[in-house]
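Colleague: Take this structure first; my questions come after.
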Amino acid sequence: MTAAGQQSAVDVVGEAGRRRTFAVISHPDAGKSTLTEALALHARVISEAGAVHGKAGRRGVVSDWLAMEQARGISITSAALQFSYGDTVINMLDTPGHADFSEDTYRVLSAVDSAVMLLDAAKGLEPQTLKLFDVCRHRGIPVITFVNKWDRPGREALELCDELVERIGLQPMPLTWPVGEAGQFQGVRDCLDGTFVRYQRTAGGATAAAEERLTPDQAQAEIGADWARAAEEADLLAASGGEFDPARFIAANASPVLFGSAVLNFGVRHLLDVLVELAPRPVPRRDADGNSRALDAPFSAFVFKVQTGMDPSHRDQVAFARVCSGVFERGMVVTNATTGRPFATKYAHQVFGQQRSTLDTAYPGDVIGLVNATALRVGDTLYAGKPTVRYPGLPSFAPGFFSVARPAEVGRAKQFRKGIEQLGSEGVVQVLRSDRRGDAAPVLAAVGPMQFEVAVHRLDTEFGVPVNLESLPYTVARRLDDPVQRSIVDTGRRSEVLSRADGTDLALFTDQHALNVMLRLHPDLVVSSLVAGTD
Ligand code: GDP
């Protein structure tokens with residue numbers, strides 16, 4: 001047990017400076033799980049051995065992580081994976097994809113300091129990556145790009161880089177350039193010193209691929225044409241604005257690019273080194289009034305994700321909070337800024353499994369998991385000591401799924417209204433209304449359909465209201481800036497206008513085509529894209 005008085009002896013700023021807190025943004029199947037595992041295992045090998053060695057590690061699946069955690073001291077939760085790499089503590093936050101893609105996936109990005117955009121070399125930018133990148137851009141999160149699966153036939157490296165510029169206006173700044181086209185991967189040219197890094201395949205997939213450095217002359221002599229081509233292409237890109245500049249990365253308008261293969265562990269060490277050397281460390285966070293709270297101010301954190309157990313017999317609710325300032329010590333009593341009530345954190349450890357020493361204390365950049373946290377909501381601020389602090393509330397994002405909710409039984413209207421209001425205020429789903437539909441039939445809006453499942457389940461189990469959902473055909477939402485133009489869109493045929501509780505009028509369209517037609521017919525119509533709310 002550490003007394004509060006001892007906190008001042010801890011070098012909070014130094015501890016924060018050792019942290020790198022990031023998330024991977026990608027489309028399903030780009031290799032996020034493979035890369036996550038490769039990063040964690042690679043870091044482990046380096047940290048334990050102090051040098052790369054070829055010890056083969058079995059390529060397990062994510063469910064093996066608990067065993068891995070015990071064997072290797074890696075701490076994993078459903079929200080964050082923490083591991084050391086040399087002196088650095090890496091916090092890798094999960095961005096659930098596939099069927100779990102939801103508003104939570106976006107909210108995770110409010111808790112990171114940087115992101116790794118993972119691209120499949122054969123596919124480039126894909127829809128989910130684009131959506132997540134949009135959120136990063138809106139929040140000014142610096143992005144490192146990792147082009148994965150270079151061991152397989154794919155697109156040209158230059159073409160992939162062009163796509164970043166043309167589709168998302170992101171200047172690529174290659175730190176490595178692949179030698180050998182996709183599928184014929186021999187290694188990379190280190191763009192900063194011009195050397196050749198040759199990767200060696202290790203049987204069964206090693207935890208750390210063997211690497212060998214060759215001078216440019218040696219590479220030219222050994223590799224010949226592929227080397228010359230790589231050098232030419234990399235120089236071409238550098239000459240057209242792709243010269244590496246760390247300031248532009250931190251300003252989030254250019255992205256360091258690395259090429260590799262997560263499954264073969266090629267380029268994984270390089271990515272870890274870039275995270276350590278270039279990725280931003282935690283900085284003082286601005287509160288709702290725009291004031292920054294110093295890293296070494298007393299403890300503060302904000303809740304970015306709340307996970308409610310779907311099993312009604314276990315009303316387990318876990319709140320995940322990112323530490324913004326001070327030291328978190330398990331057992332400390334903190335204040336919830338939203339309610340002003342105290343919150344005891346004695347259960348902070350449980351969620352992290354058996355060996356919890358790492359989570360007895362947490363520093364800025366770390367994620368804490370609080371179980372039995374039924375009083376906590378996404379967006380809540382927790383703090384200790386003075387001054388009090390409240391971080392900006394939860395942002396809302398552009399929804400893509402819409403359903404009308406109605407109670408399945410008559411006579412439950414009051415509970416239904418109460419339940420809907422509660423779920424809306426917790427951010428489980430967005431709740432939209434219009435005069436046309438009336439209060440008895442609110443429209444639930446979500447980023448991913450799983451949010452509807454959670455809402456229906458909670459209305460049933462917590463509020464005793466079974467509900468029926470009728471899905472609406474809309475997929476595209478825009479902000480309607482001028483209420484006078486409501487009647488243009490609110491036709492109820494291929495478009496409609498609904499209002500969100502934060503006062504935003506959402507213009508919904510069946511698809512992009514319907515929106516385009518509307519804009520052609522009404523050139524004066526002003527709609528803007530919705531990304532994140534005023535977070
Ligand atoms: P996620 O959906 O993004 O988490 O993707 P996974 O990590 O599950 O990977 C999807 C598929 O791509 C799996 O079959 C992986 O083995 C494969 N994969 C991942 N990384 C690579 C890579 O670097 N090269 C090749 N050839 N396959 C990969």
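Any Cβ shown, glycine's included, is placed from N, Cα and C.
Where the annotation comes from TrEMBL, it is an automatic prediction and has not been curated.
So TrEMBL says this about it:
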- 17-283: domain 'Tr-type G' (DOMAIN)
- ASP94, THR95, PRO96, GLY97, HIS98: GTP binding site (BINDING)
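Could you place these features in context, so I can see how deep they sit and what lies close by?
Modeller: Proximity of PRO96 (GTP binding site) to non-local residues of its own chain (separation of 6 or more, Cβ distance below 8 Å) is seen for SER102, ASP104, THR105, given in sequence order. Secondary structure at PRO96 (GTP binding site), as computed by DSSP, is coil.
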Colleague: Across the domain 'Tr-type G' (17-283), what does the pLDDT come to on average, as a whole number?
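Modeller: So the average pLDDT across the domain 'Tr-type G' (17-283) works out to 85.
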Colleague: Near ligand 1, which of the binding-site residues show up if the criterion is a Cβ under 6 Å from one of its atoms? Options: ASP94, THR95, PRO96, HIS98.
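Modeller: Checked binding-site residues vs ligand 1; nothing flagged, none.
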Colleague: Determine the Cβ neighbour count for GLY97 (GTP binding site): the number of other Cβ atoms within 10 Å of its Cβ.
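Modeller: 22, counting other Cβ atoms within 10 Å of GLY97 (GTP binding site).
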Colleague: Using the CB centroid of ASP94, THR95, PRO96, GLY97, HIS98 as the GTP site centre, which other residues of the same chain sit with their CB within 8 A?
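Modeller: Going along the sequence, the neighbours appear as LYS32, ASP100, PHE101, THR105.
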